[in-house]
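TrEMBL has this to say about the protein:
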TRANSMEM  6-21  transmembrane segment
TRANSMEM  33-52  transmembrane segment
TRANSMEM  104-127  transmembrane segment
TRANSMEM  147-166  transmembrane segment
TRANSMEM  178-202  transmembrane segment
COILED    225-252  coiled coil
TRANSMEM  379-397  transmembrane segment
TRANSMEM  426-447  transmembrane segment
TRANSMEM  524-543  transmembrane segment
REGION    577-689  region 'Disordered'
COMPBIAS  583-618  compositional bias 'Basic and acidic residues'
COMPBIAS  619-635  compositional bias 'Polar residues'
COMPBIAS  636-645  compositional bias 'Basic and acidic residues'
Amino acid sequence: MSGAALGLEIVFVFFLALFLLHRYGDFKKQHRLVIIATLLAWYLCFLIVFILPLDVSTTIYNRCKLAVNSSPAESNGSYITLAPSSKQKCFKPWSYIPDGIMPIFWRVVYWTSQFLTWILLPFMQSYARSGGFSITGKIKTALIENAIYYGTYLLIFGAFLIYVAVNPNFNLQWNQLQTIGIAAANTWGLFLLVLLLGYGLVEIPRSHWNGAKRGYLLMKTYFKAAKLMTEKADAEENLEDIMEEVRKVSESIKYNHPLRKCVDTILKKCPTEYQERMGRNMDDYEDFDERQNSYPSEKSLAKLHKQVIYSVQRHRRTQVQWQILLEQAFYLEDVAKNESSATRQFVHTFHSQEPENKIVQYFYTPTVEWYWECLLRPWFYRVLAVVLAMFSVIVVWSECTFFSTKPVLSLFAVFIQLAEKTYNYIYIEMACFLTIFFLSICVYSTVFRIRVFNYYYLASHHQTDAYSLLFSGMLFCRLTPPLCLNFLGLTHMDATISHKNTQPTAYTSIMGSMRVLSFIADGFYIYYPMLVVILCIATYFSLGTRCLNLLGFQQFMGDSEMTSDLIDEGKELIRREKRKRQRQEEGENRRREWKERYGNRDDSTRSRAVHTDQKESSFSETNANRPLSKYTRSNGRTERDRIELLQDAEPLDFNADSVNDDPLESDSGRYQPGGRYLSMSRSKIFDDV
């Protein structure tokens, strides 16, 4: 079992990263290099989080071996004992990793992640957003955009090397320069880490607590609907403007123009309906005349190509998000209506458009769904919120006191040291895993939630663009190393914090001794994490949300007049979409009833008419016209009746005053549970038939 735990976690983490990337990325439409680079970045960062507890347990066992080997000892099987008078035993952990494996493993993982975040991923970001029409053009654009980015780092590093070479007091070796580079990267990551951690420690428990409030979730969904509709309309307008520019360019550049291939490349990125519209208006028989017309340059076409890619991606994303938000709003309204149900069976207003799994449908019955959604789920979210809040308090306390070694005030260090005395490796690994997993959830969830206008936005259901995927990989690679160092400091497994001359973990050994930069090791790394208290207080009172609201960025705030107006607007939008969905279902129900009742009868009538025509074809023309006219009138009336029934008869009055769709009020109005309006009863629809 020495290497089995390591192998299992490597495989498990790979599929976990692949699953998350499949949820946010699009394997079919996005470039393979983007998918591979993002997957590798996410995989390495998740791998560090999952493997680090094994490194801690192995280090504790190695420390015990060193303590035993320093005195007369006897070897006995899988553990080592002291002299016969001592009863101390060093049991080998079940997940023990042999010596020499972990240092090589951490070195490969760490330097690969640093290469990705500082060199490869920034270059691929510029390459993915480039509007060039060839690989060479995209590479050239990416190099130009990253010249300032790379040049700044080279300038700082070169100035530092010159200072060290000129100053005789410094005698730095290659290992010390390497440690300085690692310390600089970790300092930048720790600065961002504390900001994200302070937000996640408060927002995650609060979001779960608010998840138990049905009214709160429904109002927030209405608020999101109003904002998303504005963004959706803006995306549609932007797409129309870009398509108009593409149309003008397509009409001006003819088939035999040298830049026509670039125009065809742009047209392939446009939606299908726009491609068909532009194809019908093209006149490929006219030759271009360079003297009469002014044609766009290749640089302007590359800019237009970039705008087309961005506008199409944004339009598609808003369309998908709107449909998802509608389903969420309809479901929350159903939950609000079913809470007062006497039958205790969950009734949906609309059936799911996706086919349900038969196994899930068998166990998750309407009764089970009612008990879970209306009774158990709110209490489950409240209990989970309380547990997460307790974890947050422990983290905040430990972040402010982990530098104290006598007495040990960090609760995580106390838990690990108590387990270390009994060498309970299972408890040590579980405690380490829960601690670093909670820290990772607080930090990574904030990365998934934040949105920098429309430049960085991780959208689920395969709607994240390549730029945002690569940017998230950069953030993960920069945040994970300082996150792990902060975790080792909280548990006093870092010799820089514990001030003990003990064997370090394999992870800290590749970082080098931070004593080269004492002001960072003894100052910034210890006292800067205390700022998490101020950030938690600011997040609790929603200071950031209030500031954004004052700047004009509408945020969900219960005591804001703007929020109330957006909630009312979103509520009306949801009502409108709900009535539209009801009319569509009515039309489908009428078509289904027609096919069930009169489909076979119409087929038999047609067969009899055809047989009669064939039978009477030998008669004279005057005698044959009478029955033919009779059948023609009958069939014509049947066709007219069928056409009338297949048409979607819309209700005359759809005002909000006459139709009550409020889930918190009684379900009164013209709409009946059967899926039809009172003015369209079954007896009146088929009177003509």
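Placement of Cβ uses the backbone N, Cα and C atoms for every residue, glycine included.
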Paired segments the transmembrane segment (379-397) and the transmembrane segment (33-52) in contact, 3+ CB pairs under 8 A: no
Spatial neighbours of the transmembrane segment (524-543) far in sequence, C-beta under 8 Å, 6+ residues away: 187, 190-191, 194-195, 197-199, 201-203, 206, 392, 395-396, 399-400, 402-403, 485-486, 489, 496-497, 514, 557
Interface-richest range of 33-52, 104-127, 147-166 toward the transmembrane segment (6-21), CB pairs under 8 Å: 33-52
Folded-back contacts onto the transmembrane segment (426-447), same chain, C-beta under 8 angstroms, at least six residues removed: 49-50, 52-54, 56-57, 60, 93-95, 193, 196-197, 199-201, 203-204, 388, 391-392, 395, 412, 415-416, 419-420, 458, 472, 475-476, 479, 483-484, 486-487, 490-491
Tertiary contacts of the transmembrane segment (33-52), as residues 6+ beyond its ends and Cβ separation under 8 Å: 6, 9-10, 12-14, 16-18, 20-21, 25, 27, 105, 109-110, 112-113, 116-117, 120-121, 124, 128, 432-433, 436-437, 440, 466, 469-470, 472-474, 476-477, 479-481, 483-484, 487-488, 507
Averaged pLDDT, computed only over the residues in the coiled coil (225-252): 93
